[in-house]
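These notes concern the structure reproduced below.
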């Protein structure tokens, strides 16, 4: 479209972008005089950026728009984002940052823009695709695996392009001919895609908008990329080249191409793999130093580190214990990096109890497996949807589909509420047992039911000091309950849709929630508004977890990725891809170095947080994994699944001798052990109870929970 081209050239001249103007003019074979002949073109719609679709020259891999200087890049450089400013004044960034909040009409704008590229004959799409398919299938084995990654994103974009341009019959035949070639883990996405058969369907379809506005990331070696580029340019296959340029982000590395097995381990998420840049930031994964206080114990400091089942420790030797914990972990964040609540006297008392318990802790290992105590919820016709157990294992809470939250005492000590204000005024506040006297014996019972939510309760979490309980629900709220009065103190409103999970920080005060609106929010108990909003996932945030040092939060999502967020500044510091289904469970190792994740694909993946690498894959479950937990000293990982089993894995062996050299980190050449069966220490079946929660007591007894299902 010559008019558009001239408009862009004039804009470039006005902005003093001479070099870009020259390049564009050369490509479009327009002389300087032609430019003068055309008056300034006024664009009627201010929101649309006029951008010429320029076929890239043979010499270089062009950026997204081929207009801005920043878009020129050498073959294989990851394209930098560039904004082609519109004549009407509003600007549109071609590489819409994932996580940027999209203006309502912006995705349509990008769809309009992509329509510029449709000089292709719709009847030739099948030919283009099968030509590329033939080329890739006939290429050398070492390149074939890498280039095969192109099939899926190209298939989706070509199909959407046909539908968008209202070539419905061509789109249908294209889909039917090639959808069978796609990897099995994209079946769910293809099902959604097959329902988009008309242009009208595309408006407001989330999957479609995600695909249009976020770039699909492929990691390919330089050799494979050059091969692909040469083929497309020789064949003059502009249609496919345009899609590669505009909708894919090719992350190129120098070195050997990856094998099919290495690629399969890492791909499968909604937006391809993570860019290598995404996992470069420094992460302080070490643990904070425990505050020191006097305890009537010989081995105080040694045990002091074991709140929340923290670092690994050898059997304490009585003499050198004080020296060890005073050393600051070199990978730990500065103590005051984020403000944490002061320890109250009751917290100190609890730490002392914790230390005494820890002194009697069982050392687990392949030779010494934990006993497992299973809490089965019988006759749970209300539908059990969430479970949590206090750190000291004294209470268990269930969230139910009938919108109730039920708290049980699992010790002989019954649950009691505080007396009424009138009765409290009669108590002698100076007496030693004042904390006993304020409790009302008449209210003692094994079970308390908390009413307040107006939809199923999907997540529950006890505060570390056992004074509070969080619950989140389909009604879009997170509620904070007092375990002194068993009443609701606050309803936190911020999510507009169901909230799938919530969790207290290991230090209390802060908590995190994640929901259907695709964001996770960080809250403090005394603030109505969230302190941080973590945006970036392309689908529901299904599970959330605090790092043991409370400086980071992990979120798992239905977009099949796990992200690690920095609480201090809200940045995403890690993106992990590899699961083939929505993530439903997360667990940090007690030393803070590793993360275990479980999903609907029945696999447990293990990640090295410092290096941003997948370091293990545990196969064995046959259904969604809803529960993961490391033992208190991190020797054993327990996983619980909808397949009615609890499995125990040897975590020490899984994490030893890791290959985390710079090369592996740079290229993603991960070598996972062929067989995870030698890490499996035991499988324990329930009669017919899916496992929804796991918890190691302070002495390393494993508690599991689930609701008996009769089918």
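Using N, Cα and C of the backbone, Cβ positions are placed for all residues, glycine too.
The stretch that TrEMBL tags with region 'Disordered', taken from the ranges 240-294, 295-349, 350-404, 405-459, is 295-349. Sequence-remote contacts of a segment are chain residues at least 6 beyond its ends whose Cβ falls under 8 Å from one of its Cβ atoms, and for the repeat 'WD' (492-523) they are 307-308, 340-341, 455, 458-465, 468, 470-480, 529-535, 537-546, 548, 550, 553, 555, 557, 565, 567. Assigned with DSSP, the residues of the repeat 'WD' (377-418) fall into helix, strand and coil as follows: 0 helix, 22 strand, 20 coil.
Panel annotation: around the repeat 'WD' (576-609), residues 185, 188, 265-269, 272-274, 283, 285-287, 308-312, 331, 539-540, 542-549, 554-558, 560-564, 615-634, 637, 639, 641, 643, 649, 651, 654-655, 658, 660 of the same chain, lying at least six beyond its termini, place a Cβ under 8 Å from a Cβ of the stretch. Here the repeat 'WD' (377-418) has Cβ contacts under 8 Å with residues 308, 350, 353-354, 357, 424, 438-441, 443-462, 464, 466, 469, 471, 473, 475, 479, 481, 483-486, 692-693, 695, 697-698, 701, 703, 705-708 of the same chain, all six or more residues outside its ends.
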